[in-house]
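Sequence annotations record features per position, and here Swiss-Prot assigns metal cation binding site to Cys14, Cys17 based on sequence analysis. Residues or ranges marked as domain 'HMA' in Swiss-Prot (evidence: sequence analysis): 3-69. Sequence annotations record features per position, and here Swiss-Prot assigns S-farnesyl cysteine to Cys111 based on similarity to another entry. Feature annotation from Swiss-Prot assigns cysteine methyl ester to Cys111.
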Amino acid sequence: MTTKKIEIKVDIDCEKCKHAIMEAVTELEGVNIVSLDQEKSILTVVGTMDPVCVAEQLKKINKKPVVISVGPPKKPDPKPDPKKDPCFIPYCYYTPRDMVSVNTYESGSGCTIV
């Protein structure tokens with residue numbers, strides 16, 4: 001099943017009602033996220049569960065649910081990749097080395113036996 005976002009209008013009078021609603025909905029299989037807006041009296045459920053099952057679960061605790069919308073959840077905006085500064089490889093300069101060779105020739109008697 002696909003993930004759905006379900007918005008349900010439910011009367012939320014007190015903290016006890018809020019707690020009972022949260023407990024009842026989170027017991028369902030396939031529920032990923034549950035949020036309650038107490039000022040607007042809206043329950044938002046995200047998951048793979050059936051909206052009818054959510055409404056029935058709320059009826060079991062004597063609430064009168066009104067389904068506002070059922071649809072796919074909003075996908076988060078993709079964050080733009082931060083631009084990376086280009087990495088410059090330093091150029092290694094070639095420094096020629098001077099090579100000095102010294103050849104010494106002995107001039108002399110030519111006798112190698114000492």
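In case you wondered, yes, glycine gets a Cβ from its N, Cα and C as well.
DSSP assigns Cys14 (metal cation binding site) to coil in the three-state reduction, outside any helix or strand. Sorting each residue of the domain 'HMA' (3-69) by its DSSP state yields 22 helix, 23 strand, 22 coil. Per-residue pLDDT, averaged over the domain 'HMA' (3-69), rounds to 91.
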